[in-house]
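Asks: Per Swiss-Prot, domain 'Trm1 methyltransferase' is recorded for 9-465, and the stated evidence type is sequence analysis. The feature S-adenosyl-L-methionine binding site is assigned by Swiss-Prot to Arg36, Arg134, Asp152, Val185. Annotation comment: Swiss-Prot describes 51-122, 550-589 as region 'Disordered'. Per Swiss-Prot, the feature compositional bias 'Basic and acidic residues' maps to 68-81, 106-122. What Swiss-Prot lists as Zn(2+) binding site is Cys315, Cys318, Cys350, Cys353. Under the heading compositional bias 'Acidic residues', Swiss-Prot lists 558-569.
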Amino acid sequence: METDLNDYTVIKEGEAEILMHKKNQVFFNKAQVNNRDMSIAVLREFLSKRKQEHEAKSSKRTRPASKVIEKDASEASKEETPSENGMNNGDHEVASEDGPSSVSKDPAKTTERFAPREPKPPKVLEALSASGLRALRYAREIEGIGQVVALDNDLASVEACQRNIKFNGSVAISKVESHHTDARVHMLTHPKEFDVVDLDPYGSPSIFLDSAIQSVTDGGLLMCTATDMAVLCGGNGEVCYSKYGSYPLRAKYCHEMALRILLASIESHANRYKRYIVPVLSVQMDFYVRVFVRVYTSASAMKNTPLKLSYVYQCIGCDSFHLQPVGRSLPKNNSVRYLPAIGPVVKQDCNHCGKKYNMGGPIWSAPMHDPEWVTSILNSVKSMKDRYPAYDRISAVLTTVSEELLDVPLFLSLHNLCATLKCISPSAAMFRSAVINANYRISGTHVNPLGMKTDAPMEVIWDIMRCWVKNHPIKAQSPEQPGSVILSKEPSHEVDFSRHIGSLSKAQAKKVARFLPNPEKHWGPKLRAGRQITSKHVSLIGHEAVNGHLSQHHEELKEEDEEAEPEDNVQDKVDPKRQKTATDNITST
């Protein structure tokens, strides 16, 4: 049965094209182009790293073979050399004929035995494919990609995906396959089969993590998105704990904490199968968080997990926070002993303002990025800018990520520090200079343009702010306010606000854009597929926010209502509020 293209709109992104039905039958979100572009960039880097690792392993395997070849060749050359006593021509000819032939055969056999095999093209699983746009872009844009398996539990989505596969031609047909099945069941029944697993659900990925971890090959790549930011950022802490096993805190760093909660949850699922993760890139963009981690199997390396997790103590009165590691290691002879961490790291009351602490976590406190990966991905993206529809955005995010302090979890907000003290804010460059002049490190964060990552302790941070307030006095406040308690103490560190050359990052010095506005209105999450689109949705969140298409049924109803209603009736209509006000005025008169 042929598809009537009049009922569809062709949407092109990158090199892929999909047919989108006007009745919102299958989910599609234009804003996720950033997500898809970033995934393609990371996947390209994964293929490159995978090839390098394979070549390195192959070279190690071929070294013994080369030594054997050299040894056989040297022995053969000795046999070929005539002795001083002399040899007859017949014997010499036989030796010369047999020697080289035997030498030439053995190395050939040895070389064949240790010949490096080319790695198989990576097999990719898109667990929740919907329209199949992501799978189609992987197949058409990434060189060397293998089979792409697209799954969905919704029959309409599978039919749409299959329709789009045919619409994209022979390359898509040969590489992409679509199945109507539960992604969890499929991943559980295909353990360690996929080199890449992509989870991009509508909401939380928590129910897919256990099966996804099992389906990734050793050294494979797991890409995971979470869009339930209200839960991850502390809006519903008990729900977050039930889904991810961590309790979130409502603070300025909540979006980075969301990333670290997701990483900790993935690590927890991996540990159940003697596996562990190595994050290569973790980003927060738009309305979601996205992590890219490699999955490895090692019972011994898995023991380091408690060293990578921490609880967070957040003061309820000021911006002070402290991290409490879950475990610690103690070297003993040639082995390592793992012990519980020593704590607590804070007193019951805050040392700075005297208020209590909230405790959250555990979160992933190890690095969220691999700097080598980030630099390589950024360079690759810049060299192929024409192939990324969202180049400006992803290059800006990667640039900021490349300048972050990797070993500093969470961050401070300069505006929040000033809000606590109720003082005017110093410039970011001045504050950074003061931290650097105190022999500490500081950087920005891709999560928040006002955020600052630093390894300076909170005592130094508050001393900097105390000295700033001394030079810029404020009005008297209630002595019970956290800001008053902090300012009542004298600084214990010398503060130097003189401009430091490192107060601006390389990107800032070159005036490279790092934080970009949304490209259009209503740039965010869209309606779930299958929901009835009404004129109310359009009036509230805009025409484009409902995938850019109103159903013909609603358009026809709207036109009929407008035609059925005479213009005189529209003019005679009175707002009930205005009518009531007018009646009250007449009564009062």
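The count begins at 1 with the first shown residue.
Just so it is clear, glycine is given a Cβ too, placed from its N, Cα and C backbone atoms.
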Asks: Say you check the Cα of Cys318 (Zn(2+) binding site) against those of the binding-site residues Arg36, Arg134, Asp152, Val185; which is nearest?
Replies: Arg36
Asks: Can you list the residues of the same chain, besides Cys315, Cys318, Cys350, Cys353, whose Cβ falls within 8 Å of the Zn(2+) site's Cβ centroid?
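Replies: Sorted by sequence, the hits are Ile316, Gly317, Asp319, Ser320, Asn351, His352, Gly354, Lys355, Pro482, Ile486.
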Asks: Long-range same-chain neighbours of Cys353 (Zn(2+) binding site), Cβ under 8 Å, sequence gap at least 6?
Replies: Cys315, Gly317, Cys318, Ser320, Thr420, Pro482, Gly483, Val485, Ile486
Asks: Fewest other C-beta atoms within 10 angstroms of its own C-beta: which of the binding-site residues Val185, Cys315, Cys318, Cys350 fits that?
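Replies: Among the binding-site residues Val185, Cys315, Cys318, Cys350, the lowest count of other Cβ atoms within 10 Å belongs to Val185.
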Asks: For Arg36 (S-adenosyl-L-methionine binding site), which residues of its chain lie six or more apart in sequence with Cβ-Cβ distance below 8 Å?
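Replies: Expected: Glu13, Gly14, Leu133, Arg134, Arg137.
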Asks: Would you mind reading off the Cα separation of Cys350 (Zn(2+) binding site) from Val185 (S-adenosyl-L-methionine binding site), to the nearest angstrom?
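Replies: Distance between the two Cα atoms comes out at 49 Å.
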Asks: Rounding to the nearest whole angstrom, report the longest C-alpha distance spanning Arg36, Arg134, Asp152, Val185, listed for S-adenosyl-L-methionine.
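Replies: Binding-site diameter by Cα atoms for S-adenosyl-L-methionine: 25 Å.
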Asks: To see if you understand the setup: which same-chain residues, six or more apart in sequence, place their Cβ under 8 Å from that of Asp152 (S-adenosyl-L-methionine binding site)?
Replies: Leu128, Ser129, Ala130, Val158, Cys161, Ser178, His180, Ala183
Asks: Does DSSP give Arg134 (S-adenosyl-L-methionine binding site) helix, strand or coil?
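Replies: DSSP assigns Arg134 (S-adenosyl-L-methionine binding site) to helix.
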